[in-house]
């Protein structure tokens, strides 16, 4: 097996949360920008397909992101290091809740999640030498009842923007959560157990 030199990877994501999680386990990484400029369209269409299950959805998006990152790496003539990608979605009663499109959409999501259990699916993928390995983390999150005033105040904080399900477990939304069953880091956006497995399989040791 060809192993990467220097125990360094590329992260195909702009997410500060995923960067922080990689730093937490001591993984050196560089950011691989998937767009040359913000005005250009994204490489990955994140629209769910008809009848696509939540697991299949995050697997597909992650696989596409990871392989697109590897291709971009080769096109730019950058060092051929592993490319890590991930995708997170929130699922309520089988319905995929992506990132809110606007304030009204965020309010609708939070009202729906109030007092309910939902699932958070995060897939992580690592592409190296043209081979992509995938793992999936599934976590159940239980919200307490959230008042309309709290929803409005939370939206005003700006935290729901660009978050799957319109909330961030590592932020103020932690006050809404009664308990979780599964991976905290998976809900944040990068399940560290599954990520470390992929890294080990590719020849990168966390320890």
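Quick reminder: no glycine exception, Cβ is built from N, Cα and C everywhere.
For reference, Swiss-Prot has these:
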- 17: site 'Important for substrate specificity' (SITE)
- 87: active site, proton acceptor (ACT_SITE)
- 88: site 'Important for substrate specificity' (SITE)
- 170: site 'Important for substrate specificity' (SITE)
Closest of 17, 87, 88 to residue 170 (site 'Important for substrate specificity'), Cα positions, recorded positions only:
17
Protein Cβ atoms within 10 Å of residue 88 (site 'Important for substrate specificity'), excluding its own:
27
Per DSSP, three-state class assigned to residue 170 (site 'Important for substrate specificity'):
coil
Would you mind checking how many other C-beta atoms are within 10 angstroms of the C-beta on residue 170 (site 'Important for substrate specificity')?
16
Quick check: in three-state DSSP terms, what is residue 88 (site 'Important for substrate specificity')?
strand
May I ask for the distance between residue 17 (site 'Important for substrate specificity') and residue 87 (active site, proton acceptor), taken between their Cα atoms and rounded to an integer number of Å?
12
Can you check which residues sit near residue 87 (active site, proton acceptor), meaning Cβ under 8 Å from its Cβ, same chain, 6 or more apart in sequence, and list them in order?
46, 58, 61, 62, 65, 122, 123
For residue 17 (site 'Important for substrate specificity'), the number of other Cβ atoms found within 10 Å of its own Cβ:
18
